[in-house]
């Protein structure tokens with residue numbers, strides 16, 4: 001029996017971890033001589049105060065939903081995929097190839113094509129480390145890290161030597177043709193009479209990210225594969241005994257995970273930049289780790305955590321613009337969230353468990369201590 | 001390729017292998033005690049910043065080195081608290097430490113020096129300068145052995161010699177002392193160590209602390225000897241390559257030396273595309289050359305390690321039986 005009620009496990013523990021991370025972040029801001037309260041106000045007004053701010057917040061959140069889901073799926077099979085950064089970069093390459101070399105008649109078809117290409121490219125980049133782990137025994141954490149570096153070099157090479165248009169100095173592809181431009185949230189919401197900022201980059205990919213959350217939930221808790229995946233994550237030996245192939249689960253999990261990370265590219269490459277630039281992922285792959293940890297590897301949790309990090313990202317950009325706080329503050333906050341919700345989880349959990357245990361003892365009657373009626 | 005080019009190449013191999021070697025030995029102590037540490041990268045980075053910052057302010061590189069070790073030890077303590085005391089996931093703790101270092105160094109550098117996240121360039125006493133070993137100038141003209149002694153062995157900073165001396169020292173501590181025996185035992189079977197009445201927690205903290213000191217020296221070397229000052233993310237994946245070297249070395253000190261020298265050679269080749277062209281007859285693209293150490297790491301880990309037996313209790317927190 002669990003010591004804590006479900007609501008405490010799902011809401012209280014992450015909330016306390018988050019508050020601890022926030023307190024330390026505030027101390028960091030104080031230490032570099034800025035006012036944390038003013039900083040929070042600026043972040044809120046910059047990220048949530050206008051549809052323009054919301055447009056950026058949701059744009060970043062879309063990225064983090066994909067990378068967060070990627071890490072979360074792997075977590076369920078107890079695989080730690082740190083390679084989201086490289087997988088998303090390769091996904092970008094897939095999207096660029098799909099958009100540049102196929103004449104799409106309509107954006108909806110282009111979107112489907114880009115989804116397939118982004119997924120395949122991301123999946124391949126995750127499948128190699130998965131194969132090396134499953135068959136050659138090289139540790140997936142190390143290989144996925146190496147594949148991040150290799151992806152960065154590969155993209156650099158391809159952008160400079162292959163995909164760069166003639167005469168351009170910029171290491172980037174040409175602009176994608178008109179037929180591949182995705183509708184922004186402004187275009188999506190306009191028919192409903194909602195006016196949304198035209199300049200903000202949030203686009204229809206947000207809906208795909210939400211759909212991905214639902215599909216991942218269904219996959220993990222409503223399919224046989226999801227059951228096998230979780231069983232493998234809980235106990236490898238028990239899963240083997242039940243006839244589940246570790247090789248198969250490792251491969252499939254990482255392929256799904258890599259494809260999800262790759263899908264991020266339809267948002268940042270196709271939806272926002274409309275061309276592939278150098279370092280397009282901008283650390284979103286790593287933020288996925290924080291998002292998955294904070295969301296307790298549950299798709300709904302990932303959704304909420306992604307929006308929170310979208311807010312932090314956009315708010316942090318505003319901070320860097322208006323104050324002397326550099327953007328790296330976000331990296332610090334991200335580290336603190338990973339630290340408190342991931343590594344120091346027990347620090348928050350143990351005292352809470354003790355509290356709930358004590359509360360339950362106080363409430364429950366103690367049958368064996370009943371006063372015995374004295375015999376007359 | 002002539003003899004002098006070879007000497008130059010090996011010379012820069014030694015320079016580039018030094019931080020890898022120190023970090024690899026750091027990881028060796030930690031992982032032999034059963035604590036995985038992918039936070040080597042972050043600890044090196046933090047040490048690189050604080051040693052450069054303190055050396056820039058005080059003008060003394062030795063104070064800088066101390067500050068770097070202190071910063072690295074602090075992060076080690078954090079890793080220890082998370083993974084030993086609170087029995088958290090060691091990989092996740094390491095990731096957090098890497099991001100913490102990556103963000104905080106730039107944040108603090110910007111706040112202290114306002115130079116876009118870097119420290120001022122170090123000059124004079126703020127750097128570890130090359131040491132000319134005795135008779136190096138005298139024997140430099142002797143054919144073959146002269147250049148090897150004068151160019152390759154002599155003329156490095158003190159930290160390089162410390163790093164190479166750390167290899168036999170690590171071997172001695174781990175395999176010839178009681179402390180080393182217990183440390184290895186705690187990574188294989190902590191319950192047995194506990195039964196013998198030795199503190200598992202104490203030993204693991206000791207291992208993590210040694211890891212912190214070595215990472216501190218590695219980081220200080222990056223910013224005060226290899227380069228003159230701190231720049232953003234200057235550890236550039238060296239912590240991860242050190243980890244790969246550790247696996248390649250099968251968690252043994254002497255093999256760690258050979259593995260890091262090999263990775264150092266890859267790094268040195270990266271800076272000398274002309275040598276590669278001369279050797280292979282192919283022109284390599286600079287961007288692909290940059291990926292060489294990482295690609296070689298993957299290939300080595302996938303193919304040539306053979307059976308690498310990691311410490312059996314590695315990555316698992318120890319829970320005392322009740």
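Cβ atoms are placed via backbone N, Cα and C, with glycine included.
Pulled from TrEMBL:
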type     : residues  : note
TRANSMEM : A:12-33   : transmembrane segment
TRANSMEM : A:53-75   : transmembrane segment
TRANSMEM : A:87-104  : transmembrane segment
TRANSMEM : A:110-128 : transmembrane segment
TRANSMEM : A:140-160 : transmembrane segment
TRANSMEM : A:199-220 : transmembrane segment
TRANSMEM : A:249-270 : transmembrane segment
TRANSMEM : A:276-295 : transmembrane segment
TRANSMEM : A:302-323 : transmembrane segment
TRANSMEM : A:329-348 : transmembrane segment
Run the contact check on the transmembrane segment (A:329-348) against the transmembrane segment (A:110-128): 3 or more C-beta pairs under 8 Å, excluding pairs closer than 6 in sequence.
no
When you scan the chain for residues with a C-beta under 8 Å from the transmembrane segment (A:53-75), skipping those not six or more beyond its ends, what do you find?
45-47, 81, 84, 87-88, 184-186, 196-197, 199-203, 205-206, 209-210, 212-213, 216, 219-220, 229, 233, 253-254, 256-258, 260-261, 263-264, 267-268, 271-272, 284-285, 287-289, 291-293, 295, 297-299, 302-303, 305-307, 309-311, 313-314, 317-318
Under 8 angstroms, Cβ to Cβ: which one of A:87-104, A:110-128, A:140-160, A:249-270 has the largest number of such pairs with the transmembrane segment (A:199-220)?
A:249-270
Before we move on, state whether the transmembrane segment (A:276-295) and the transmembrane segment (A:87-104) share at least 3 Cβ pairs under 8 Å, counting only pairs 6 or more apart in sequence.
yes
What same-chain residues lie close to the transmembrane segment (A:140-160): Cβ under 8 Å, and 6 or more beyond its ends?
79-83, 85-87, 89-90, 92-93, 125-126, 128-130, 132-133, 171-173, 254, 276-279, 285
Which sequence positions outside the transmembrane segment (A:249-270), separated from its termini by at least 6 residues, show Cβ-Cβ distances below 8 Å to it?
59, 62-63, 66-67, 69-71, 73-74, 76-77, 79, 81, 83-84, 87-88, 90-92, 94-96, 99, 110-111, 114-115, 118-127, 129-131, 133-134, 140, 176, 180, 182, 203, 205-206, 208-209, 212, 216, 219, 225, 228-229, 232, 239, 276, 280-282, 284-285, 288
